[in-house]
Amino acid sequence: MVSIITFTKNVLVTLAFALLAQGLAIPEDIDKRAEKVVSLDFTVTRKPFNATAHGQHHQSQQQQQQQQQQPAQKRGTVQTSLINEGPSYAATITVGSNKQQQTVIVDTGSSDLWVVDSAAVCQVTYPGQSPTFCKQDGTYKPSSSTTSQNLGKAFSIRYEDGSSSQGTVYKDTVGLGGASITNQQFADVTTTSVDQGILGIGFTGDESSPTYDNVPVTLKKQGIINKNAYSLYLNSASASSGTIIFGGVDNAKYTGSLTALPITSSNELRVQLSTINIAGTTVSASTTPVLDSGTTLTYFSQTIADKLAAAVGAKWNSYYQLYTSSCNLAGNIVFNFAKGVTISVPLSEFVLQDGNSCYFGVSRDSATILGDNFLRRAYAVYDLDGNTISLAQVKYTTSSSISTL
């Protein structure tokens, strides 16, 4: 594959010189398109952690789940719910013939792309919240795009954190990372309690409406990438940016070897976990967590979460719905997967500070999720065509060595 890419680059260099000699313009992104990859940078946004708001929010979530009959799509993506609890990973895309800019959460835990309508109603849920909070990261006005198609279908999605969005299904041109895909289906949301739009890139089987080609599938079908696969590099907790590469992998961003683990679900990006080493204790954790870029914290069943918390001396607080912990957790927590794959994470990644108090970044939930506090220390390649997720220990570097998948 490398030799093919090198040959292609040489041909393109020759072509570029030929075009310049004739006074013609060189097409934008000619090199990127030749390598069949789309590199999309994250913008990292941080908000102070608020334990009181977390507790009130999750208690409200539990009440809503008891009252509502509609099944949730997934556990709420904390960054896209009403309370951001850590770094939020979003990317800028454009929608429409006039390239209306949107900044959307990149979410491996859901599968739908939806954006906020220019006339949307933002559902205010707590005192002091701006009535336009959902429009601050860009909006979409269908009538201003000559390529917009209203499909006349209703869209509704609800997350387990109680947040929800409703609107109408459209097709239009979507631009991301220098690539442009035409007739992409997505939702134009007119009512939402979520902070901003979401770019869901999971399996199509997890979509909120009858199966359609979501963004990664369309990228492949329109020949922009070779396969429905992408690699995720969130970068360090203090970094201002990260990258997702559709159709490619950055071999400079990990140490050791990438090992492919079978995806254990037909509609969610889950892999087999076996044990967790923490503070000299080995905790049995035979479960299949979702590797979810749209969730800040890590979640396990109460049995597993209690054992992890006990190992670091953290105590459950029912009001905050979190474990209170020391602000100075030392050492590492090591996640042991199938095939001998291990990912080591400093326990400092699992400390949430609110004033002088600190909380453990693992909490209880019926859904098992490895969120951003895990993913920042892993380099992950999601191969949805091959039904695998490959993992390796991350390497923080500005160097890059991208190859196609």
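Heads up, the Cβ atoms here are built off N, Cα and C, so glycines get one too.
Annotation comment: Swiss-Prot describes 1-23 as signal peptide, evidence class sequence analysis.
Sequence annotations record features per position, and here Swiss-Prot assigns region 'Disordered' to 52-78.
Residues or ranges marked as compositional bias 'Low complexity' by Swiss-Prot: 58-70.
For 89-392, the entry in Swiss-Prot reads domain 'Peptidase A1'.
Asp107 (pepstatin A binding site) is surrounded by 25 other CB atoms, counting those within 10 A of its CB over all protein chains shown. When secondary structure is read from DSSP and collapsed to three states, Asp107 (pepstatin A binding site) falls in the strand class. The pepstatin A binding site annotation in Swiss-Prot covers Asp107, Thr108, Gly109, Glu160, Asp161, Asp292, Ser293, Gly294, Thr295, Thr296.
Positions annotated as active site by Swiss-Prot, on the basis of sequence analysis: Asp107 (among others).
Around Cys122 (disulfide bond), the same-chain residues at least 6 positions away in sequence with a Cβ under 8 Å from its Cβ are Ser130, Pro131, Thr132, Phe133, Cys134, Lys135, Thr192, Ser193. DSSP assigns Cys122 (disulfide bond) to a strand in the three-state reduction. What Swiss-Prot records for Cys122-Cys134 (among others) is disulfide bond, and it gives similarity to another entry as the kind of evidence.
DSSP classifies Asp292 (active site) as coil under the three-state reduction. Summarising the annotation, Swiss-Prot assigns active site to Asp292 (among others).
Secondary structure at Cys358 (disulfide bond), as computed by DSSP, is strand. As annotated by Swiss-Prot, disulfide bond applies to Cys327-Cys358 (among others).
Spatial neighbours are here defined as Cα atoms within 10 angstroms of one another, and by that definition the neighbours of Asp107 (pepstatin A binding site) among the recorded positions Asp292, Cys327, Cys358 are Asp292. Counting in whole angstrom, Gly109 (pepstatin A binding site) lies 27 from Cys358 (disulfide bond) by their C-alpha atoms. A separation of roughly 19 Å, to the nearest angstrom, links the Cα atoms of Thr295 (pepstatin A binding site) and Cys358 (disulfide bond). Local packing around the binding-site residues Ser293, Thr295 was summarised as the count of other Cβ atoms within 10 Å of each Cβ; on this measure the leading residue is Thr295. Cβ neighbour count for Cys134 (disulfide bond) (all protein chains, 10 Å cutoff from its Cβ): 25.
Cβ crowding, taken as the number of other Cβ atoms within 10 Å, peaks at Cys358 among the disulfide-bonded residues Cys327, Cys358.
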